[in-house]
Amino acid sequence: MSAPPDQPVAFRPFVPDDESPPEFTLAPVVIGALLGIVFGASSIYLVLKVGLTISASIPVAVLAITLFRLFSRVLGLRRATILENNIVQTTGSAGESIAFGVGLVMPALLVLGFDIHVVRVMTVGVLGGLLGILMMIPLRRAFVVKKHGELKYPEGTACAEVLIAGEKGGSTAQMLFVGFGFGFVFQFLMQAFKLFREVAEKNLFTTTPAGATVGLKGGVLGCEMSAPLLGVGYIIGPRIACIMAAGGVLAYLVLVPTIVYFGDSLDHALAPAKMQVADVNPLGALAGGAAAASQQTADKGLIKNMSVSAIRQEYVLYIGAGAVAAGGIISMIQALPVIFGSVIAGFRDLRASRGAADNGAASVVPRTERDLSMKVVVFGSLGLVVALAAAPQFGLGLNPAGIAGAVMILLFGFLFVTVSSRLTGEIGSSSNPISGMTVATLLLTCLILLALGEFGVIAISKEVKLLALTIAGVVCIASSNGGTTSQALKTGYLVGATPRAQQYAILVGSLTSALVVGLVLILLNQAGTVYSKKNLPSVRVDVSQLTATDHVRSGEYADDATTYHVLNIGKEETPDAALFVATPGHQADVPPGRYLVAADGTITYLCDPAVNGKLAYQDSEADKPDGERRTVKKFEAPKTQLMALIINGILDRKLPWGLVLIGVLIALTLELSGVPSLPFAVGVYLPISSSTPIFLGGALRWLVDKIRRSPDGGDSSPGVLLSSGYIAGGSIAALLAAFLEFAPKEVKDALDFGEQLKGSEAVTRALGGPWPDSNLPVTLAFGVLIVVLVLVGSERFGKKNGVA
């Protein structure tokens, strides 16, 4: 597509205004909604895994062109128009943005001591997504039309290029499908069939028979062999990938060894470490008598007895959380000129839209300028907030806290939708700092609620924490979807779409994606939940004070059909002591967690969730050696803990500020050095095994650029499309593998080919050890993905399979 002039008045879209080809028809809307669900499901996996997502608009556009071309040839249907293909990408792009907001905020419910209910997650997702679209509508003219040539909208412009190339016959989705196949097969063989080990780790120290340590004690290197993370690294490029990896190096090769060096000689637990650590059962010390508990607790609380993962959980995560929070706030401060300019432009555009509506009877609005009316925007936004207040268990309502929450949703929602839309135009959707906006929203919300509590307007309680999280969740999803909407509208502006048709389409896509993404989140959490009977506190609970009930839903105790009472204790929460009665010789303290309580008050199960959970295996695996345990899929959800940390830290005033401030100062040091602090902070927060494949993907992008002697050809290049396929195929395979936890044990055993190969003496001799424990098979398989990506990206293979 030739570059349009900078002046909006001279711009002519690909489809002229005086033409009206088919656009908002049933097939594009349905296909777009289905593709949005697929990419939304894969995105929820990514955001739970590493706190990142990748824009789905270009892959969806490529798939739309190919699918409609296939339908035309096979079924004899008419060829889809470019505007119908644009409706598919508009509808489908909502899934990724909804998934990011839901996966970023809603899992914090578990940390705060609430359940992830279907109604709660879906309602926040639906209302936040629709609110973002409605608030973006009056800003379209200001950002998309008047700022044409100034705000580039990188992904939106690239998507328009793909659609126009497809209309001219130059686009094919072959590389996307190839990547999907490679990613799906690799990930399914690894996670469902257990043919490969998922993480290769290497300690940088050894212990001699005499007990002396040789090397960097506490230092660990690791790599998760993940097709989606490899694709993410290639797409985000070498700079950001290297910055993330640098954060992991600081955490695992500097901070952890430093803590070990200074804490190895301590004979007492160093705060904030408490009674238990992250890599053991958090209730282990409460199983025996008080004397045994005291001895066990003292041993496990010592740094010299902690594993690397335990030190990370007790100390480094707080440093990482402080760095992430500071990085988000710094990105907001840097964007303040844009924020103020965007807000002023938004109000100015509202007045202009109202004036245009008043004069509408005297003139005909061109097809490419037809938006949904301002009445829909205003009354729709108010109606959504009222619906949120009326929905059960959200913390709002007709009370001071609920009214304050509704006002904050509207104010912060419009503010950050404006900011998100503007930043999407400047730096693109994938680089839009939605997490920083969410952190800022949560900080402001908690401070306002704390001030209301100080003045006696509200009482700070567990329900107020839920209110704060709900506000942050709605604003996060609204700002994320607002940026996606502006990007889709930019694509439509370039190809000549009708804005109203696009707005209807993304409303449909947001509704369908929010319903399914919330369900996927809940199913993933249930699939990886471990129900444990080991080391439970010996107390009795007054079940008359418990209202919720549940039963065992997965795992080795799934045959237990008993209905239990549910006891939820959030992190940093101090439950009413009258709720518990200790048995003789035992403590009455009950650590945070979710418990199933029998009718007689006995705690029967600890329900350790998949998201931010601590138990990686079922009870029956506990006595097996480390290399032989069958683990359950857990998700770090790196930014979820941050949300709960902010809420508890401000409202309860309980926060290890020393460690948090170290993280803040690390972020400030990086910014003063000219290094973006937010991706570095995410690297500090994530396990180094998750940062490594992202780094490898970025390094491959650098290598491809060197081979081509020019940057890989943009967001629609063969390498990027192949990487998008890796992400989609690998994530979908990982979802299916996680859902196998619901299958009977016989099915899981039959699919565990790795366990069957373990018994083969010939294979063990060839590999120098059991198949599943060897690094060689997974390294070779992962190497195939790397080689294919280099060949395709450098156009040594399939040169014509990208966008012409």
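The backbone N, Cα and C atoms fix where each Cβ goes, and this holds for glycine too.
As annotated by TrEMBL, transmembrane segment applies to 54-72, 93-112, 118-137, 176-196, 216-236, 243-262, 315-344, 401-419, 439-460, 504-524, 720-740, 774-792 (among others).
Nonlocal intrachain contacts for the transmembrane segment (439-460), taken as residues 6+ away from its ends with a CB within less than 8 angstroms of a stretch CB, comprise 324-325, 328-329, 332, 399-401, 404, 408, 412, 416, 467-469, 471-472, 475-476, 642-643, 646-647, 650-652. In terms of C-beta pairs under 8 Å, the stretch of 93-112, 118-137, 216-236, 720-740, 774-792 lying closest in packing to the transmembrane segment (176-196) is 720-740. Only sequence-distant pairs (6 or more apart) were considered; of these, at least three Cβ pairs between the transmembrane segment (243-262) and the transmembrane segment (216-236) are under 8 A, so the stretches are in contact. The largest share of C-beta pairs under 8 angstroms with the transmembrane segment (774-792) comes from 216-236, of the ranges 93-112, 118-137, 216-236, 504-524.
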